[in-house]
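So the structure is just underneath, and the comments pick up after that.
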């Protein structure tokens, strides 16, 4: 009897171990998940006016088993979040944008925050960081046009300077004894990186010194150089720029491999966005048979991004009445699909990309209730 009781134990242990292993693959620490999300698309790509990143954080430690994707976080969507027991909401649009002076039950956005915290649900928003990203919303929107090459309309700047500091100081030193003194002084300033090389000015051998400086270090460098009139008069100070990124930025200017009629392009866009109707403003002198070769697009609200861009067609979610008139007067066709209709379909692609990026460590689900508030009736 004792022997028969002992035998099942290893099987039970293996079963429990299996559950533990599976469980460990189904959770991520919130901080680790946020780091991975930033690796996927850096929040540094977001516009300066935007409110992105972690907006609501439950008290730590907080682990995430289910990540819930939605374009807009409404109260109806929050009900779905709670029913599906999600731990973190990725809301493309930030539900908190303007500063809140109080958290009460009076407004719907305040209620979202209360319900999230009461139920230990975090809220994260990438918004314009995903607009700019190479694998982001605008690239997804461009997929509906057909074969084309595209580039950002307004390229993003790299998040960091290629070298230490944001200023470069350049000057020549004539004599060996001066060189040793100068090199010793500038190398002793924090936030300065130094390079030097031989240079000839006329018939005179000199040493060219380049200093890459932080803003704080620049003031100390200038203070040192200004004590030597001869050095200071030969000094050049350059303000460095962060380089532009080739595939990252706002909007996309797309050149089709082959021109198509406007009517054909309309059909393609409807299929891609799964819409039965769109709004069209024909450019002056254009018809449905006019050819389209270049498309400028911007998911969401495209007025500021598309303004002044030369193209056969503007594609966006919404544009002001007067901006539409301006574009049409220049012979540019305008297609408007409602704001979130040009964004929401990206979430299906995002789910697949995040599954791969996060190595299937957590469950990722799409909202079934999220939808554009405007309907054609």
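In case you wondered, yes, glycine gets a Cβ from its N, Cα and C as well.
The N6-acetyllysine annotation in Swiss-Prot covers 109. Neighbour list (residue 109 (N6-acetyllysine), Cβ cut-off 8 Å, at least 6 residues apart, same chain): 95, 96, 100.
Taken from Swiss-Prot, the feature region 'Mediates interaction with COPS2' applies to 244-377.
The phosphothreonine feature in Swiss-Prot is assigned to 255. In sequence order, 148, 149, 150, 293, 294 are the residues of the chain that are 6 or more apart from residue 255 (phosphothreonine) and have a CB within less than 8 Å of its CB.
Packing around residue 259 (phosphoserine) is summarised by its Cβ count: 14 other Cβ atoms lie within 10 angstroms of its Cβ, all protein chains included. Taken from Swiss-Prot, the feature phosphoserine covers 259.
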Quiz item: Per DSSP, what is the residue tally for the region 'Mediates interaction with COPS2' (244-377) in helix, strand and coil?
Solution: 41 helix, 46 strand, 47 coil
